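First comes the structure, then the notes that go with it.
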Amino acid sequence: MRIGHGFDVHKFGGEGPLVIGGVRIPYTQGLLAHSDGDVVLHAVTDALLGAAALGDIGKLFPDTDPAFKGADSRGLLREAWRRINDKGYQLGNLDVTIIAQAPKMAPHIPQMRVNLAEDLQCHMDDVNVKATTTEQLGFTGRGEGIACEAVALLVKKETGEIVAW
């Protein structure tokens with residue numbers, strides 16, 4: 001069993017679409033980023049890569065590489081997941097916390113879970129997404145951006161049993 005933690009944050013800005021968990025959310029601004037700025041998928045990708053000891057999203061998809069400019073984060077997640085599968089892992093479970101004052105995430109969470117389950121080739125019961133605010137404290141509370149944390153549990157595909165390291 002391997003556990004990974006991921007964190008991502010992006011500042012609001014620009015006129016691009018707001019994409020969170022692979023869902024386009026109507027809002028006045030997008031998030032500033034080299035790719036599409038999807039904080040959920042970036043945090044999830046980092047959690048999974050960390051659990052598999054494959055580095056992080058910046059190592060795999062550097063923001064200095066023009067090939068990833070404006071990249072669809074679902075594609076990045078699927079490529080990371082392919083590499084993790086190649087190491088013999090499957091998802092045990094995934095828990096995601098979105099931290100944002102606005103917009104409200106609750107109406108979009110079911111589709112985020114569907115997207116994550118599709119991309120990670122797992123059952124929706126293995127994926128949890130929730131959202132919270134910071135009660136108007138800090139940069140997310142002031143509406144300056146969105147943050148996300150993710151924790152992923154990986155298990156070996158062959159047996160599905162706990163592996164002690």
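From the backbone N, Cα and C atoms, a Cβ is placed for every residue, glycine too.
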Per Swiss-Prot, what member of H42, H108 joins D8, H10 in binding divalent metal cation at one site?
H42
Measure from the CA atom of S35 (4-CDP-2-C-methyl-D-erythritol 2-phosphate binding site) to the CA atom of H42 (divalent metal cation binding site) and give the result in Å, rounded to a whole number.
10
Determine which residues of the same chain, besides D8, H10, H42, have their CB within 8 A of the center of the CB atoms at the recorded divalent metal cation site, and list them by sequence.
V9, L31, A33, G37, D38, V39, V40, L41, A43, I146, A147, C148
Tell me the Cα distance separating H34 (site 'Transition state stabilizer') from P103 (4-CDP-2-C-methyl-D-erythritol 2-phosphate binding site), rounded to the nearest angstrom.
22
Non-local Cβ contacts of T133 (site 'Transition state stabilizer') (under 8 Å, 6 or more apart, same chain)?
I99, A100, Q101, T140, G141
